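As recorded in TrEMBL, the features of this protein are as follows:
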DOMAIN    13-352  domain 'Adenosine deaminase'
BINDING   18, 20, 206, 298  Zn(2+) binding site
BINDING   20, 22, 179  substrate binding site
ACT_SITE  209  active site, proton donor
SITE      230  site 'Important for catalytic activity'
Ligand SMILES: O=c1[nH]cnc2c1ncn2[C@@H]1O[C@H](CO)[C@@H](O)[C@H]1O
Ligand SMILES: [Zn+2]
């Protein structure tokens, strides 16, 4: 049997590339902030609220899953709300053993109480910096970058891409599109991606989660994405014969050949119905075929999860050991929107020594 335990996995250095700021609030903070701004919530205790988010997100549909964000976005409309949520996010990730994270959110959803796009980003970055300082003050270590998301049903993607580039030297590492996938193909936002590419800037695209291969194809072939948010439906382009031999179609081959990172989010995929059960998740097939797989939380509040928990669920389903978890972590670090020398430094100085201790223990 596998010997890895959650407390051990929590101490392992972890890298998180796909985590939504508005999907990771502490339930108690949602209550506090709702109280302060007069927003009515579906539950009035932290436990009740945690259960409500988890159960409502457990809907089997991405669209219904996304409806729960109404209550987190509503309490993130002020400078104080944004800074607090961002600071606590960094503290929670550090407590979970995350050493590098890219946390995303959609600035255009935080303008309801008069903040400008620039102010929204400034407050979130301020929260990240104060979270990093708080962690450092207690002897911990974490670095958090920010990805700016544009909502795919809206029409502000070019503006958000420009915002991301404007803040590139102040903590914004890249750009993303999210929201309901069916009906809103990535090519709808081609000008934003072209703008990013022209600026030598990075982006990822939510694709191949609620919608299949055409969405991944557009993200890769037309938009030139650096990474795929989820990308889990790439499995539809892979045929596995009875003897276990896998045959890859053109798109799957391309994604693997180009080492396009897959930001896989196991629990979230089960909740939205992208996969039936965790044991059925193509994570292991993709890992065995040597796709560049990474482990991610997506929305810690809605999935009631952590990086440790996502890794433990994979360990339990597929029998992974430290060497596997180290590989997934290095995959993620290699795929980060951070200059190459800094990625290498984190791999050599933090990740490898961390796993060496665990492997040797
Ligand atoms: O898994 C997902 N797929 C698509 N969109 C998502 C997912 N998780 C969150 N969001 C959307 O991204 C916005 C900015 O963070 C959230 O408000 C939510 O609407
Ligand atoms: Zn996501």
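Glycine too: its Cβ is placed from the backbone N, Cα and C atoms.
Note: TrEMBL annotation is automatic and uncurated.
Positions of TrEMBL features highlighted on the structure.
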| residue | record | DSSP class |
| --- | --- | --- |
| 18 | Zn(2+) binding site | strand |
| 179 | substrate binding site | coil |
| 206 | Zn(2+) binding site | strand |
| 230 | site 'Important for catalytic activity' | strand |
| 298 | Zn(2+) binding site | strand |
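Only 22, 179, 206, in sequence order, out of the binding-site residues 18, 22, 179, 206 have a CB under 6 Å from ligand 1. Listed in sequence order, the recorded positions among 179, 209, 298 whose CB lies under 6 angstroms from an atom of ligand 2 come out as 298. Close to the recorded Zn(2+) site, the chain also has 19, 23, 104, 178, 229, 230, 263, 265, 268, 296, 299: residues not among 18, 20, 206, 298 whose Cβ is within 8 Å of the site's Cβ mean position.
The Cβ neighbour count for residue 22 (substrate binding site), using a 10 Å radius over every protein chain in view, is 25.
Same-chain neighbours of the substrate site beyond 20, 22, 179, judged by a C-beta within 8 angstroms of the site's C-beta center, are, in sequence order, 21, 23, 66, 69, 73, 104, 105, 106, 109, 149, 178, 299.
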